[in-house]
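Step one of this worksheet: look at the structure below.
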Amino acid sequence: MWQSQTIHNAQNNKENQAQRNDDRLMTLGMTSAISAAPPKPSDLIKTKELEESLKPFDVFETDQELRKRMLILGELYRLVKEWIKDVSIRRNMPESIAEHVGGKVYTFGSYRLGVHNKGADIDALCVAPCHIHRSDFFTSFYELLKQQPEVTDLRAVEEAFVPVIKMNFDGIEIDMLFARLSLKEISDTMDLQDDMLLKHLDQKCVRSLNGCRVTDEILGLVPNKDNFRLALRAIKLWAKRHGIYSNALGYLGGVSWAMLVARTCQLYPNAASATLVHKFFLIFSKWQWPQPVLLKKPSNVNLGFSVWDPRYLTNLALENKEAIETLTSGQTNCFRWAEERSKRLQPQISVVCKPKDNLSLGKIAFNILNSTSLTHLPVIRHRLGNESAALKTYEKEKRIIVVNIQDRYHLMPIITPAYPQQNSTYNVSQSTRTIMMEEFKVGLQITDDIMVGKSSWDKLFEPPPFFMKYKHFIVLLVMADTADDHLEWCGLVESKVRLLIGNLERNQYITLAHINPESFPMLESQKEPNSHCSMWFIGLEFAKTENLNVDLTRDIQMFTETVNNHAISIQMLKTGMTLEARHVKRKQLSQYLSPGLIKRERKSSITNKAQTNGTHETRKRISNEAIIPEGDLPNKKTRLSEEITPHFDESSNNSINNDSSSNLSVSESEHNISVNTSTPINPTNAATTQEAVCT
């Protein structure tokens, strides 16, 4: 009897444990799961097929290649320890103590997530104790790397938003960041997830640490890491093949795609990878942007760093007494205060202050921050609705209220889970969002067919015919005399192309500006001897208006001047570096692209049109058959994409922008498009001019 009772209790405990696990999974993330159903045998078969379809694209490394990466990281770790010890001794630290101050190398990004491709780079972070400075990293450590025979293509980008040393270490590209903690020693077991480690750090260190902290948070917020990784590999490959993988150009980067897949895993915690890929397209083809995607509730930590918040921010403001005394103590102090704040605050902020006597501090701040010396910080005094509401909030918070205006206008906010929370997609524009939303919808149609056996996974990874989609293009030609100059010059231009997209979007006659993330080499027959040239193509769609004449000269000139001025300011512009913009019709592409590429695109376009027409005919036939009485029809399975659920709501904020799917295509004969593009970016002042008229 006692034995049977024991068995019964054990069974109850097992069931209770299973129930607790289900409850935990159901509440993982911001909302409860849509479905916690286990995978069906057919889902596991589809997952196996998905894994096999990924292998030809080299998304998996061999054990030997993985071991090589670990050896390289071990050698890098040894160099970091050696460097920190040497710097410590040079600063009069006893050698016995310098031996134990530590230092560590962390990884983040695709390698840390376990989804890197063959030959992919490694994102690494060097963490050092408080007596090691950033200047040491970019001088003495840089020199140490120079001495290593395995290190080639070494370059330091100290002026970047996140300063980095780039290198090729024994055949593997490595991007290495630096962070200095407010600690005397860095142990080998240091966990970077502790928010208090950020206390007293500067913004560059916080940004450098953010990659590791976000990556580890993502891994900790998914219910099944193996399913997450396979699904993420598939989504990343799909995004790259469809030309929507590039944070710099206004699409989504690796961390953003990882967070979208992680959110899908939270909503379907027990689903197989194939199901997760299908549900990914289902969820985000219907997502009500700019409703944010969140993996967890934002933390309440307040260490003085800016966090994403479309409402208001108080954590960067000065205490009320100090602020009032500073702002009312004279014009000199006012400017000193404003200049100090401008260095720490993000661009696009506003300040609301409490009036004192008859003097409005809000007005003082408005005048200060709109002065000629601080024009990069536009101010709107009462962003909280009205003065009364602003003052009530001020009394409650006892602070000046700092409102981050820019957060309100992000188009596809995907918020990082680690403090300080940031929007990883702030570069997304109207055009890139439109393009990605269309790709989500096409991806849903394809995976619908895959899951019911009408198509294979190969179809999902077929690249769309970009050059057959548009009739007009802007071609950016980036040229330099040497390979090293060309690499550096291309990096700068690529980081600024999204500004040109913004200029084009503001043109009332342009409905879409589609940048292709892939750069193309210039044809040998067109290239000058001993020169290096890369080209980016921007497809344009124009409004349907008869006798339209569009002049894009100013839009392009603003872009080239911005690139030119930035290159001069960082002393990067060299002789031979040129940037040229040309307007090109589709029929002129043969002058820029190889015949093989154009032929493949044309063939792909014809195939896609035939399949689309076939799909339309099938749908039309099904629609006509709908008049048959229900009793005469066989039982049919509900279409997979009809699964609509209210669980997508992750925020009480309503959608600001309402997407429309209007037809943007135009007839070429409806336009007379005049484009004058000049190239002022040339150290020899030999500007070239290109004129083109499209009829």
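Backbone N, Cα and C atoms are what each Cβ position is placed from, and that goes for glycine too.
Those TrEMBL annotations? Automatic predictions, nothing curated.
Residues or ranges marked as ATP binding site by TrEMBL: Phe108, Gly109, Ser110, Asp121, Ile122, Asp123, Asp175, Lys236, Tyr245, Gly254, Val255. The Cβ of Ser110 (ATP binding site) lies under 8 Å from the Cβ of His116, Asn117, Ala120, Asp123, Lys236, Gly254, each of these being in the same chain and 6 or more residues away along the sequence.
The 10 Å shell around the Cβ of Asp123 (Mg(2+) 2 binding site) contains 23 further Cβ atoms across the protein chains shown. What TrEMBL lists as Mg(2+) 2 binding site is Asp121, Asp123, Asp175.
Among the features that TrEMBL reports, Mg(2+) 1 binding site is placed at Asp121, Asp123.
According to TrEMBL, the feature compositional bias 'Polar residues' maps to 1-19 (among others).
Among the features that TrEMBL reports, compositional bias 'Low complexity' is placed at 651-667.
The compositional bias 'Polar residues' annotation in TrEMBL covers 673-695 (among others).
The domain 'Poly(A) polymerase RNA-binding' annotation in TrEMBL covers 466-521 (among others). In terms of DSSP helix, strand and coil, the domain 'Poly(A) polymerase RNA-binding' (466-521) has 27 helix, 17 strand, 12 coil.
The domain 'Poly(A) polymerase RNA-binding' annotation in TrEMBL covers 525-602 (among others).
As annotated by TrEMBL, region 'Disordered' applies to 1-20 (among others).
Positions annotated as region 'Disordered' by TrEMBL: 646-695 (among others).
Remark: Asp121 (Mg(2+) 2 binding site) has Ile172, Glu173, Ile174, Asp175 as non-local neighbours, by Cβ distance under 8 Å and separation of at least 6 in sequence.
Sequence-distant neighbours of Phe108 (ATP binding site) (same chain, six or more apart, CB under 8 Å from its CB) are Asp123, Ala124, Leu125, Gly211, Cys212, Val214, Thr215, Asp216, listed in sequence order.
Using DSSP to sort the residues of the domain 'Poly(A) polymerase RNA-binding' (525-602) gives these counts of helix, strand and coil: 31 helix, 21 strand, 26 coil. Neighbour list (Tyr245 (ATP binding site), Cβ cut-off 8 Å, at least 6 residues apart, same chain): Lys236, Ala239, Tyr251, Leu252, Gly253, Gly254, Trp257, Pro517. Packing around Asp175 (ATP binding site) is summarised by its Cβ count: 18 other Cβ atoms lie within 10 angstroms of its Cβ, all protein chains included.
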